[in-house]
Amino acid sequence: MACFRNLVLYCFTFFTVLSTSLASDKLIRVGLKKKAIDEDILRSSRLRFNDYSNKLGKRRNTASPGRSFILQGNAIELKNYLDAQYYGEIGIGTPPQYFTVVFDTGSANLWVPSSKCFLSLACYLHPKFNRRKSSTYKADGSQCNIQYGSGAVSGILSEDTVSVGDLRVTNQKFMEATKEPGLTFLFAKFDGILGLGFQEIAVDDVTPVWYNMLDQGLVSEPLFSFWLNRDANDDDGGEIIFGGMDSDHYTGNHTYVPVSQKGYWQFDMGDVLIDGETTGFCADGCAAIVDSGTSLLAGPSVIIAAINEAIGASGLISWECKAIVSQYGDQIIEMLLQKMNPSQICTNLGLCSLSSNKFRSNLASVVNGLPESMNDLQDTECVMCEMAIVWAQNQLMKNQSSESIKAYLNNVCDHLPDPSGEAIVDCNQVASMPDVTFTIGGAQFKLTAEQYILEVGDGDQAQCISGFMGFDIPSGPLWILGDVFMGVYHTVFDYGNLQVGFAQAV
């Protein structure tokens, strides 16, 4: 039986496992170590966002009811993730054979390299599981094939004991990878992946490690929590706790929101504010996923462009956006003033086809490069028109004049994400940049510029990069809240009550 899955990973989070326990012997502390952000991490994020965008919509369009993120066709696609911020170890077998793995809430399976991996150079640079050295190994034999953008990772399913600190999960199925793609894993800082997502996204319906922890009574409560230390000068990277949380890592109470889709840790999020003022786009709600495996924050390009405009980001494409504003700006504003349905304006202007019934469509055709055909050009014009409507509506709510609105639209156009996805800012201006606030469960979670701006490089060569990246899917607006957010807000993944909780980290 073959097992497949579209595994979507951004920049990965790695963890070092410590054997220290809490007062209860069923609470497991996992200490974190970290690696500073660099250009490889940012490049990895862009690739992961692209894969996520391409595949997430397909899942929603092809899945059975109630499992909208399960991709039919059983394909896994992953291009590159050579570096990450947090890393660590687990053990497999008796006695344990140790591996550095990704603890990722965006997947649900465990795999590591196999001693039977002979033809892949990457396997010679990473530890390999040897079944003959484990007294608790049990054969399964099912074949697994994982398709990546740069090649296939394939192997067989096996069963053994998995150690996390002093905790030992028995009879755990995992994949022994016998082939790994060329350069993708050659210089990777990790050996394998341990998923903390839901059973619904598990390859071949394998029971995830977390589920077995619960079934075997190894943790005191059906939840785990993350504390990420964002102090660049501190070697202590933070901590994940299985079975509970540590009140020393947060202040106040957690705000909990229910999981809206089982698979990833997805929930419904409210409005996004820039310096306390609404952006309008998510006022009626957006979906969000909190992901321990990504370093950055990804959101709808229409909001990201507004954020980049507010923080003075530069070096981003604008030609098509400005053309739309110049030619149609007055008409768009007038139609909005006449209370015309926003979803009909771009069609009436001839910029969107009659068959286009999805307002606020994605920006993929724009950020992936110039259009190759007239049909592609019309798609780009349609997207730009719909984005201009969102921005214009926001300004009309502030009673701005038509000329002021057009000037604002042109300014925002200057800050649309380019194909690289990076938005560069002046490091000397960080202190004066606005706060960005997320509304979750009726509460507001603020990020300051010092928290969402990432400094890459040292000294005179240092660059400051916006921690926000544009991310659009056909099925609707979605946010990915990664380490930039989780580093500020202690996060609880409450499996027992199917909810996610956030509190101010300390």
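Numbering starts at 1 and runs along the chain as it is shown here.
In case you wondered, yes, glycine gets a Cβ from its N, Cα and C as well.
Automatic prediction, not curation, is the source of TrEMBL annotations.
As recorded in TrEMBL, the features of this protein are as follows:
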type	residues	note
ACT_SITE	ASP104	active site
ACT_SITE	ASP291	active site
DISULFID	CYS117-CYS123	disulfide bond
DOMAIN	86-503	domain 'Peptidase A1'
DOMAIN	316-356	domain 'Saposin B-type'
DOMAIN	378-419	domain 'Saposin B-type'
SIGNAL	1-23	signal peptide
Which sequence-distant residues neighbour the domain 'Saposin B-type' (316-356)? Criterion: at least 6 residues beyond either end, Cβ under 8 Å.
308, 366-367, 378, 380-382, 384-389, 392-393, 396, 402, 405-406, 409-410, 412-419, 423
Whole-number Å distance between the CA of ASP104 (active site) and the CA of CYS123 (disulfide bond)?
21
Spatial separation of CYS123 (disulfide bond) from ASP291 (active site) - C-alpha basis, Å
27
So of ASP104, ASP291, which of the active-site residues has the fewest other Cβ atoms within 10 Å around its own Cβ?
ASP104
Taking the Cβ of CYS117 (disulfide bond) as reference, which residues of that chain separated by at least 6 in sequence fall under 8 Å from it?
CYS123, LYS128, GLY155, ALA177, THR178, LYS179, GLU180
